[in-house]
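These come from TrEMBL:
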- 5-338: domain 'Acyltransferase 3' (DOMAIN)
- 12-31: transmembrane segment (TRANSMEM)
- 37-63: transmembrane segment (TRANSMEM)
- 84-103: transmembrane segment (TRANSMEM)
- 130-151: transmembrane segment (TRANSMEM)
- 163-182: transmembrane segment (TRANSMEM)
- 194-213: transmembrane segment (TRANSMEM)
- 225-245: transmembrane segment (TRANSMEM)
- 251-274: transmembrane segment (TRANSMEM)
- 286-307: transmembrane segment (TRANSMEM)
- 319-341: transmembrane segment (TRANSMEM)
Amino acid sequence: MKRLGYLDSLRGIAAVYVLIYHAILVAQPQLVVPQWYAPFFLAGGTGVMLFFVVSAFSLCLTWPRHEKSGIPLSSYFISRFFRIAPLFYFMMIVTYIRDIFVYDAWHTPWQVFINLAFIFNFVPQQQEGFVWASWAIGVEFLFYVLFPLFYCAGATLWRRLMLVFVLGLVTVIYFSLLPYLHMDEQTRAGFTNFGLLRFLPVFGIGMVAFDVARRTHELPNARDIGGALVALSILAYAAIIAGYLPAASNIYGQGICYALLLVGLSLNPVGLYVNPLTRFYGRISYSVYLLHPPIVYALSPAYRWIYAARIGKSDAVSFWLSIGLTLAIVTPLAMLTYRFIEAPGIELGKRLIKRAQAKRGIGVASAAA
């Protein structure tokens, strides 16, 4: 399977979906959304589950490249670290300085250390990170660490299904024990809402999706199957939002819906989802995700002015003008951080992999993702 544009497109959709969700809820006061499509955008936080599913799928896709490098673990961990760390560290610096001068708040050396080491997900009352919305990065990075083990343990589709079952069982035990652990409510809420164990089954679903896609993409009717899966994912997600599937309206139901969409698009890249615009936002999705929360909050006065002006005498017009303004600011900044921080970090990772190969007398890397 080649790495196709549907992966970038889904990352882009996820990033913009989360941005709109935060624009609604983070702005002070919150944006007024027309009632008939408010439920869809108020579910935008599920975009993080889409990120997780796509991430697991993508790691399965690129792992064979690391195996061929001759130094699979070194190649994998170097490429993952330099893909995620440079921009995150940059945002740590920006956040640290902003919090001092804007909020008169200092982050302790311990807080700085656990964020630098990407272990804040394990620390009580620190799971959210001090970079806004970075809780997902904390979860993602820890999954990176565990992925080689999961990949080897789940070498077949049935083993991956069993892996999801085991991870789900561990999660059930985890949530069953939490109420009995001696901790205050704030600490318990942190482990409940942001704890790594809560999200591992979602990553497992992404790994299963990869195997399903790999097994079906050579079928003669693969394109029809893909279209049907895309349609099914839309119907299932609409049912969740509308409350018709309450038992599935949690992160695991969301993960399954997004996995159906992902497999469907891998077989049939429907233009509604896979197009130049979504692929563009996919390439800069990491920057969009980390940059947008403080920008959204800072734009609160502009949002208030837009709604007060009643341009078009409609909340719908005011809402979309607010979203358009946000994207107009976030997009060029994300392009800059991708160009000058993310891309150089990726290239540095590739050079370090080549250097590690050279020390072992191995040929040019084929793995640096």
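Glycine is treated like the rest: Cβ placed from N, Cα and C.
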Outside the transmembrane segment (319-341), six or more residues from its ends: residues with CB under 8 Å to it: 16, 19-20, 23, 27, 31-34, 86-87, 90, 281, 283-284, 286-288, 291-292, 295-296, 299, 302-303, 306-307, 311
Maximum Cβ pairs under 8 Å to the transmembrane segment (286-307) - stretch from the list 37-63, 130-151, 251-274: 130-151
Region pair the transmembrane segment (130-151) / the transmembrane segment (251-274), three or more CB pairs under 8 Å: no
Criterion met for the transmembrane segment (37-63) and the transmembrane segment (163-182) (at least three Cβ pairs under 8 Å): no
Long-range Cβ neighbours of the transmembrane segment (194-213) (under 8 Å; 6 or more residues past either end): 1, 49, 52-57, 60-61, 121-122, 127-128, 135, 138-139, 142-143, 146-147, 150-151, 154, 156-157, 160-161, 163-164, 167-168, 170-171, 174-175, 251-252, 254-256, 259, 262-263, 266-267
For the domain 'Acyltransferase 3' (5-338), the mean pLDDT of the predicted model: 95
